[in-house]
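Each remark here refers to the structure printed beneath this line.
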Amino acid sequence: MEFVEYLSSKAAQLYQTTAFPGMHVGNVAMIVIGLLFVYLAIAKHYEPLLLIPIGFGIVVGNIPVVEGMSLGVYDEGSVLRYLYFGVEKGVYPPLIFLGIGAMTDFSTMLSNPKLVLLGAAAQVGVFLTFLGALCLGFTPQEAGAVGIIGGADGPTAIFLSSKLAPSLLGAIAIAAYSYMALVPVIQPPIMYLLTSREERLIKMKRPRHVSRRERIIFPIAAFLICTLLAPGALVLIGMLFFGNLLKECTVTERLANTARTVFIDIVTILLGFCVGCSTSADHFLQPTSILIFVLGAVSFAVATGGGILFAKFMNLFLHEPINPLLGAAGVSAVPDSARVVHVIGLNEDPQNHLLMHAMAPNVAGVIGSAIAAGVLWSQLAM
Amino acid sequence: MISSFLHPLTLGISLNFSLEPLWHDTGIPLALMGMFIVFFALIFISMFISRLPHIMAVLDKYLPQAEQLLNPPKPREGEISDEVIAVIAAAVSEALGKPHRIIHTRELTSRDMAWPQQGRWQIQTSHIPQK
């Protein structure tokens, strides 16, 4: 009898050292969401480079830790805590921008400067959502971090929320990356709703040749213009154009190659995984998270609509009209929104290839959202 | 037990909707200023880009382009030039007639020529000439 009691007490002791006692329905729900992300990435090819690290990170972050053990991202001294430092302090996003810069070809933008304005117009989603979040009771700092989801730029959203609203970082990052993955689902209905068939059929003029020297001068000049006007964007914009200069100057090919391949891959893995790990149910399953997701969707839709409507507005004054679909590429989900524009254009006319033209507002959107983040940070961090 | 299991899911959304924060400095004025700065910066960049060809013309006059930029470095021995790669891609496309992806190209070395030489040798010795 004593032996049975001994065994049962040991079994109970063993049970207490497992993750089961701390497992709540919220953790189970989050693990299911994480596995859904992994499924969507593998089976549907929705942004696999992001959704696999984030999805698996969500699963990892929702395994309850045993009391007294330092394991999760919120536990001082844990390994995950050290990795999460890069997210919490906004270290990873600028490093990602370096890689993006080394990948980005600005030549389509340089060949058609008026398309740059579409990248500015799409930022209306950021500021209208900022106002909407204020009305719903968010603090100005939180509202700024939520609004930037409309920039459709994951690293920028993480950077700004780490500076303005660290407590919302997980929800904002997941919302931003989810909507970026859902660009092919969210944007087309808005594009069809706001454009006529005749407008979608507009063909763009072939871009002019851009010399190497122009491509070298541009990142330096654009960096100076942006950061002198919005110094808050210094880190993001600086890294973006530094990466681009490495690519274009032709004498640092090794550095550019590293920045756009291994380097950005490592940072993406760390960023995605750590963001996923930060979504433990007790931190993530809050009423504000649902509001952030709703506002994020609104922000994204408004940004898409803003770009399209501004392109139509520009057409009132232009001799050579712009295909308004290009406005949808003003959100900086590179290159997904440009690809969506291309596909919608091809649906109407198989000879109308818009991809290269759409890359212009797309990369302008990256610059625009970084400037918007810089403005919000400089005004709200005080 | 059940309530502790359900603990994190006790979500209750209470919306405190108010237009009052819009009129603060961190409301509409900040949003308008933000949009203004974004537009101003990108308009400035757009204007700079549209002047870029003129700037280039002046620069080319006073600072001729470096040799390296005008004449991209020739491929090193063993490497294949971009033009030849384009021709290979066109040839593969024509031969296969379906979507393809060229993963790697390199110049054949004398060692690689062993197989074609062996093939030619086999073809040439596959028949015995009639005497």
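Positions of Cβ are set from backbone N, Cα and C atoms, glycine also.
Keep in mind the model is a prediction, meaning the values are calculated, not measured.
Listed in TrEMBL:
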{"type": "TRANSMEM", "residues": "A:20-42", "note": "transmembrane segment"}
{"type": "TRANSMEM", "residues": "A:49-71", "note": "transmembrane segment"}
{"type": "TRANSMEM", "residues": "A:91-108", "note": "transmembrane segment"}
{"type": "TRANSMEM", "residues": "A:115-139", "note": "transmembrane segment"}
{"type": "TRANSMEM", "residues": "A:168-195", "note": "transmembrane segment"}
{"type": "TRANSMEM", "residues": "A:216-242", "note": "transmembrane segment"}
{"type": "TRANSMEM", "residues": "A:262-278", "note": "transmembrane segment"}
{"type": "TRANSMEM", "residues": "A:290-311", "note": "transmembrane segment"}
{"type": "TRANSMEM", "residues": "A:354-377", "note": "transmembrane segment"}
Feature contact check the transmembrane segment (A:49-71) with the transmembrane segment (A:290-311), CB under 8 Å, 3 or more pairs: no
Top Cβ-contact partner of the transmembrane segment (A:49-71) among A:115-139, A:168-195, A:216-242, A:262-278 (pairs under 8 Å): A:262-278
Contact between the transmembrane segment (A:168-195) and the transmembrane segment (A:262-278) (at least 3 Cβ pairs under 8 Å, separation 6+): yes
Spatial neighbours of the transmembrane segment (A:354-377) far in sequence, C-beta under 8 Å, 6+ residues away: 97, 100, 104-106, 108-109, 111-112, 115-120, 122-123, 126-127, 130, 144, 147-148, 151-153, 156, 159-160, 163-164, 204, 207, 222, 226, 229-234, 236-237, 240, 307, 323, 325-327, 329-335, 337-339, 341-342, 345-346
Close approaches to the transmembrane segment (A:115-139) from elsewhere in its chain (Cβ under 8 angstroms; 6 or more beyond its ends): 108-109, 146-151, 165, 288, 291, 295-296, 298-307, 309-311, 314, 322, 326-327, 329-332, 357, 360-369, 371-372, 376
